[in-house]
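Peer 1: Pasting a structure below so you can have a look.
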């Protein structure tokens, strides 16, 4: 937000939302154009190389973004960052290949947990490290280097980007040495035994069956079937998109639209002046409230969600979260009344409760949608394509969401023919309507608990459980 202001693109402060929206959308537009390619590429060549390429590419482009001195350069580097970043969908494919229905909730809940950690560390580090010459004059006086001082004065937003890129590089180096391939056709021997997805006895029996010609029909077709043509490849991809998969992907798309639009709107809304419909927060206050939301997301992810999912099921919890989101987003804009009346204590209390509830809802929505995609696509060998398609379409709506949110926010504030309360509230009504539409659409999704149990190939009894049963039989 402050970076856009420092570019001095317009004398009208209400136009900041327009430029901020397109800045956020550029990343997602690039993802929309490349994610399906990366997902299909991972189906053929493996998940691991694409993950490592994405981490290295993100580190490079994020650093270049920090060196931005013009809006054009910032827009280009954000677009490049989105083009090389397809790791979310591929990581979901990896988790789906390492788990079964007995541990989906616990495993997939770890993915948004990383978002929660980032939501805590990111705003704190960003607010702390931005414009370091102004914030840490004593440090630069101690360094006594005109070159370093001049560099960070000219590039005041480079330090947080460099630090963030350092995290990406650390992840890439760690992954290079320790990340194992999960794609069945590319992974190393013994992978499934190490992760408890099948026992040595099961592996031996499958090998015997394959040698005798009585193995799994799927693998027999792969070995002895006719050569795959371009037409059959396209048909296989289309067959992977079952009606249930399409419904789940549609719901996931609506979630992404709602969340990204609200996230960008929240930053714009909290940091805008009271006269522009906002709360008048500075960067430090915004970082604090976002960090609180990140902590709430982590608690929900680790402690609450797995219990809710086991007790009530994935789909009912998902639908309840959508209903709560509709009400919360509809009423969020009215919080500014407390800021208008200068009721600071009440403002912070209500805002913290709102952010914590919103973080919990987002956690439930994203984790549940991941589980639904994994469950409905469990028997497909096109996991990378399915997750890549979901992420590509989600990137498309993420591209539309920030631009639409920022543009609509600026338009509503300048629409003098609207009542003043509606000028401030209009964009929140749009986000709330998206949540309501998603809730209605979710009523047609099939509950995974009513589906046929997955095949033995997809659900393998963990090794530890077999060992316990054998031990119990020996005792008897």
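Placement of Cβ uses the backbone N, Cα and C atoms for every residue, glycine included.
Pulled from TrEMBL, these are the listed features:
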- 1-450: domain 'Major facilitator superfamily (MFS) profile' (DOMAIN)
- 20-38: transmembrane segment (TRANSMEM)
- 50-67: transmembrane segment (TRANSMEM)
- 73-95: transmembrane segment (TRANSMEM)
- 107-130: transmembrane segment (TRANSMEM)
- 157-179: transmembrane segment (TRANSMEM)
- 249-269: transmembrane segment (TRANSMEM)
- 289-308: transmembrane segment (TRANSMEM)
- 320-339: transmembrane segment (TRANSMEM)
- 345-373: transmembrane segment (TRANSMEM)
- 385-404: transmembrane segment (TRANSMEM)
- 424-445: transmembrane segment (TRANSMEM)
Peer 1: Go through the chain and flag residues at least 6 beyond the ends of the transmembrane segment (424-445) whose CB is under 8 A from any CB in it; none is fine as an answer.
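Peer 2: Beyond its ends, the transmembrane segment (424-445) has Cβ neighbours at 244, 247-248, 250-251, 254-255, 257-258, 261-262, 265, 277, 315, 318-319, 322-323, 325-327, 329-330, 332-334, 336, 372, 404-405, 408-409, 412-413, 415, 418.
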Peer 1: Under 8 Å, at least three CB pairs between the transmembrane segment (289-308) and the transmembrane segment (107-130) (pairs 6 or more apart)?
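Peer 2: Between the transmembrane segment (289-308) and the transmembrane segment (107-130), contact is present.
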Peer 1: Which residues, given as numbers and ranges, are at least 6 beyond the ends of the transmembrane segment (50-67) yet have a Cβ under 8 Å from it?
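Peer 2: Beyond its ends, the transmembrane segment (50-67) has Cβ neighbours at 38, 41-42, 73-74, 77-78, 80-81, 84-87, 90-91, 94, 155, 157-162, 164-166, 168-169, 171-172, 175-176, 179.
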Peer 1: Any chance the transmembrane segment (385-404) and the transmembrane segment (107-130) have 3 or more Cβ pairs under 8 A, given the pairs are 6 or more apart in sequence?
Peer 2: no
Peer 1: Between 157-179, 249-269, 345-373, who has the most Cβ pairs under 8 Å to the transmembrane segment (107-130)?
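Peer 2: By Cβ pairs under 8 Å, 345-373 leads among 157-179, 249-269, 345-373.
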